[in-house]
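What TrEMBL records for C:109-136 is coiled coil. Residues or ranges marked as domain 'ABC transmembrane type-1' by TrEMBL: C:346-563. Taken from TrEMBL, the feature transmembrane segment applies to C:12-31, C:52-75, C:244-261, C:282-302, C:345-369, C:389-410, C:422-442, C:472-492, C:543-567.
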Amino acid sequence: MHDAQTQPTVYHKNSLGGSDIKVEVRDVSVSYGEKQALFNVSLDIPDKSVTAFIGPSGCGKSTFLRCMNRMNDTIDGARVSGSLKIDGAEVNDRAVDPVVLRASVGMVFQKPNPFPKSIYDNVAYGPRIHGLASGRDELDAIVEQSLRKAGLWAEVSDRLQDPGTGLSGGQQQRLVIARAIAVNPEVILMDEPCSALDPIATAKIEDLIDELRENYCIIIVTHSMQQAARVSQMTAFFHMGSLIEVGPTEEIFTNPLESRTQDYITGRFG
Amino acid sequence: MTDSPRTFPVREDVERRLAKRYRAELRFRTAGLTAIGIAVAILCILIGSIASEGVPAFTAKELVLRVELDADRVDPEGDGSVASLRRGSYNRVLQDALREAFPGVTARNDLRTLFGLYTPLNATRLMDAVLDDPALVGNSYVFTMPLADDLDLYLKGRLVEDRTLPTAGRLTASTDGDIVSLRSTTADFTALAREIEQSMAAEARTLELRVEQVRLALDQVPAADAPRLQAEADRHAAAAVNLRQLARAPDGFLPLTGDVPSVIVESGGQAFRLTQLAVDGKSARGEVVLGSGLVENADDWTLYVVDTPESRRRVSDQLIIWTRSLVEREMIQTGFNTYLFANADSREPELAGIKGALYGSILTMIITMFLSVPIGVFTAVYLEEYAPKNRVTDFIEVNINNLAAVPSIVFGLLGLAVFINFFGLPRSAPLVGGLVLSLMTLPTVIIATRAALKAVPPSIRQAALGVGASKTQAVFHHVLPLAAPGILTGSIIGLAQALGETAPLLMIGMVAFIADAPSLGLAGFTEPATVMPVQIFLWSDGAERAFEARTAAAILILLALMIGFNAVAIYLRRRFERRW
Amino acid sequence: MAFGLGLDCMSIITIVALALLVMIAGGFYVGRSRAITAVEGATAGLHSLPNYHGYYVAIWTGVPAFFLLGLYAIFGGQLVDRLAVSELRAQAAEINRLLDDTLAADTDFIELNHAAENLRGRVDALNDEISALRNARGDNRDPDRLTRLRAEQIEALNLSTAAEDAVRARRQAVVAAVGADAVTDGASERALAGYELAQAPRERRQLFLSDSRRIASGELASRDSVALRAAAQAIAGYDRNVKIGAAVLALALGALGFGLTRARISSQFRARNNVERLVTAALLLSSVIAILTTVGIVLSLLFESLRFFASVPVLDFLFGLQWSPQIAIRADQVGQSGAFGAVPLFAGTAMITVIAMVVAVPIGLFSAIYLSEYAGPKFRQIAKPVLEILAGIPTVVYGFFALLAVGPAIRTLFTALGFESVVTQSALSAGLVMGVMIIPFISSLSDDVINAVPQSLRDGSFAMGATRSETITQIVMPAALPGIVGAILLAVSRAVGETMIVVMAAGQGANLTANPLESVTTITVQIVMLLTGDQEFDSPKTLSAFALGLVLFVLTLLMNVVALRVVQKYREKYD
């Protein structure tokens, strides 16, 4: 067994510090009850780009993702330590209100989870609870804009009142993305957003992610190395709860510095 | 967050509404907690009110009498045979013993009141004692019997409001015919006299108010009712005038009627019931209830007040005085209420017990257990392991789900129409009760067993079938034993439910008054009987106040039984719980 | 434990049962060993394990015989009674005939009877007149005459009752005289017993029989007489015969089963398959009992209801506004025929149910929400069992609680608020307590339903920055709504069918009122009232209970079917 705790992370050039840092992570550890799931992760995530977290199942990448919008709070017995700043503001602090935080950090889950409501209400959910729209017209505009950004408008504009659960898997996932961007977040977290989708739907989502990159900081957890290579600019490799290596995607895939990263990418384990 | 160099675009908007949203959150959360709080509070009130009512019924005030079992009283034939002993006048024996305890009571009416200290049914108990041991004839014997129900309640402080007032002076009493005159050296009666005067005035005021009300109402009622109302108003008005007159105490004495608190003076084994209080607070007049009526300068005397007026209670002043005297002479003891457990139902609360109902419940539960558990388990095994997926099976399943929700009283109607009228089984019998409750419990057992069978992983069945076991062998050798704890738990919970069920048993006549406990044997199944919850229902309807306490006590016993059942179920679940 | 088995009772049946047990054990052993000898000990050559051969023989030896004994246990006493009674009656036929002749010739009796009949006619006529007058309109209404007629009616009723008493008394005298004559004529004791039984009023007959049964089994009877002893003798005789018959038959069945099955045992005999087929048959038979129960419920309710609707039209029953069945206790009784309009009962049931739901739905639902969405595991561990205790308390206890605490509290409260004549037994008291009873029902069903809402929906909502209450009210509750509606429907059906609380707490007045402080009555209360007094199975009064039962059954069945459908659909959606 690797002694992951003491293993230092290998940082590529330009991967720690520098300009346009959106998320700054220092020494974050997570444990669930007795079991520690994440060990001292430090990492910088650039704005207006896609950062991919890769690694075998159970390596802690999803756990880490859930730290960014404090979703670990909803799990009994989860403890998070270390510092995690978004735009220089500390996230991992009792004083920070997760409600406010989550309004600015959107999240897309593994399985599409549209609410059992109409398409319109799904997208309008965030603006409504946060009171972002002052009237019906504004809300309509937000919904349309979000659906357009998510590339779903053309497909659903004539049936906004149909239930969101009636859409196909890929459409549902885009609906969920539209729902997330309706509150105009700064960061969008995606937890294996394509793992439940067929290749065509996956391609659409990947195109969408590429477009969204212009306006948002996107962090995506994925099992598929091809996907990471296709959509991301930065890649971080996790293994057994530790961040092993992080750097520009091209370098990680062509010239990994760590043997374990090499092994994983070439498919020797994972 | 204030030190943040930049703010998110939506953050301000979100934060503006935040306080309001958190208030809504708090309200919602509080509502949830309140709901649970209410439920728990109601449970506490329920248990608390029943326990406070029922716990005193577990003790009984008992009259201990030394009775003389003279041969000519209890053995009229003189041959000591059972037939002769059965014909003895045991109630006379008890009466004699009481007369001896109160030699001063001679008047016919007073004696009748005195014998109200116990119920004559106790004579049968004395007879049973003699029949058990004929050697008692001719000897004296210490006989213990429960005090009459109202006096039992009185002594437990649950019937009347009473208090003892302090006295300072010396008391002197002298008799003049039937009237006794009392004098104290200090004004010991003053406070009392003032109080009674005020209560008379208050009572008069209430009456006058009512008269006014009635007079106002007179205009609105139909003409036919007017004379009656007018008469009522006149009666009240007259009563009020009379009260005011009396309260003025024209001859210096306030009369103590049955509508004001009773005042009793006790001194050295003597007891007087006051009828008049002097306004000067030093003297009073009354009647002698116990003793000679002569007291010389006694400084040890008690002024005892029963605030509940005599007209508004079920025990007279006389009985109260005698009872207090018996307590003083230690002829009344407090003991564990064995009657509650050793007796079947009775018309007299102090002798009524739960034995009959308990036996009835046991017999009924035996039938229920031996029918519903095997049939329920078999049905569940069939549906879960054997049944082909077809419409018949679906129909059976829908059927069982619906049966689970059929009101219990409908099962009673079924029992009445089918078991009693059609098959001609005896009414009121534990057999029929058990049959009805079995049918009612069946769905519970089936549903619990199916859940337990479902929880056994298919791999167990596959493993058994894989080594060549037949389906029946796989089920009976492997699946059923693994599901047994779940089945047992479900069955016990179903039986506990049946134990508390009342309504269907009313339909099949288990609601009759039955003074004998059924025998705990084969014959008992067809003898008329009742069960615990029905006994509770019957007692709750009882006219005597003492039945209320018995009802509560019976409920406590029933709840204890049910808690026992459920505790066993929980223990089994914990002990054998297996997670796959 | 002292079993109430006399030695005599112990004798035959118990011995036979024990003998059968021995036979079963023997059957098992014989079946087994015969199978082993059939293959000369090489058990691998058997089709089935030797034990299965044993089981096979044992089952056929024991089951039919014990089934017969079971039948005897249930119907034996019945059979003995019937046989004994019919014999006693046959013996008494002579004296009964004599009595009929004497009565027919007794002028006093005939005259009294005649007078009584006349009076009855007069009462009937007055009844007709009064009801005509009551239904009259306008000028024909004459209150004075009505009052006068009422007075006359009461007088006539009193006279009529007195006359009937006289008839009865005369009849009793003749009965006694004929009986005395029969004694002097040397009639047999059994004939006299049959005579006494035949002439006893209905309710005394049961007592007579039970007393003679007690004497027959050597127990203490409530009274003792020559006739009783003669009857006891007859009963004892038949009892012995029936008992011996049952015993012999049971033994014969056992032996027959044993013989037939033993002969079939061979190496090729498929004993296991046979045994398993029997087991499967037993299992199937058990599940048929559930169906039989439903069939029994439906048939018995339908059958008796149809008899009721033969005398009271269905529409009058379902839409009539007046309920007063007490008047028609006896078919021949004077007075009105009773009113069977069930609307007041439906209204009372509805009112109490609504009150109960107003209490139970918010408390139950909020408890469930708190327990499943807010409470930590420790709080849950304590609070859930507490709610379950509420569910486990017998309803008769709730009824007593209503009588003891809730009713008086309501009266005190509303009297203090200035309401007049508030009663302790009211719709409000019953409804409140029933609501408490229903709380755990709603909370546990809703808890299941809420927990079935997938966590991913909650996560989605939290990730959008929703608070917990927003997530619950806007996501979880709408998602769980069908299930909760189903739960509430089940609870309503529970409340409608609940009996003891309303019997004890709601009073019995069939008031058609919207005031919850008055006492009302419900379907279940009336069923209890109608069936716990004296019953005469042909009177509409008793039969109406079954009609009410039918309404109750159909009502709850509909609600359950709908509710189960809804809940099931909902479960499928998220499974």
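Heads up, residue numbers simply count up from 1 along the chain you see.
The backbone N, Cα and C atoms fix where each Cβ goes, glycine too.
Because TrEMBL annotations are produced automatically, they should be read as predictions rather than curated entries.
Between the transmembrane segment (C:472-492) and the stretches C:52-75, C:244-261, C:389-410, C:422-442, C:543-567, it is C:543-567 that has the most C-beta pairs under 8 angstroms. Mean pLDDT for the coiled coil (C:109-136) in this predicted model: 82.
With Cβ pairs under 8 Å as the measure, the transmembrane segment (C:282-302) is packed most heavily against C:543-567, out of C:52-75, C:244-261, C:389-410, C:422-442, C:543-567. By the count of Cβ pairs under 8 Å, the stretch nearest in packing to the transmembrane segment (C:422-442) among C:12-31, C:52-75, C:244-261, C:345-369, C:543-567 is C:345-369.
Long-range contacts of the transmembrane segment (C:244-261) within the same chain: residues 12-13, 15-16, 19-20, 23-24, 26-27, 30-31, 56-57, 60-66, 68-69, 72, 76, each at least 6 residues beyond the stretch ends and with a Cβ under 8 Å from a Cβ of the stretch. The list of residues near the transmembrane segment (C:12-31) in space but at least 6 beyond its ends in sequence, with Cβ under 8 angstroms from a Cβ of it, reads 5, 53-58, 60-62, 65-66, 69, 72, 243-244, 246-247, 250-251, 254-255, 257-258, 261-262, 265, 271.
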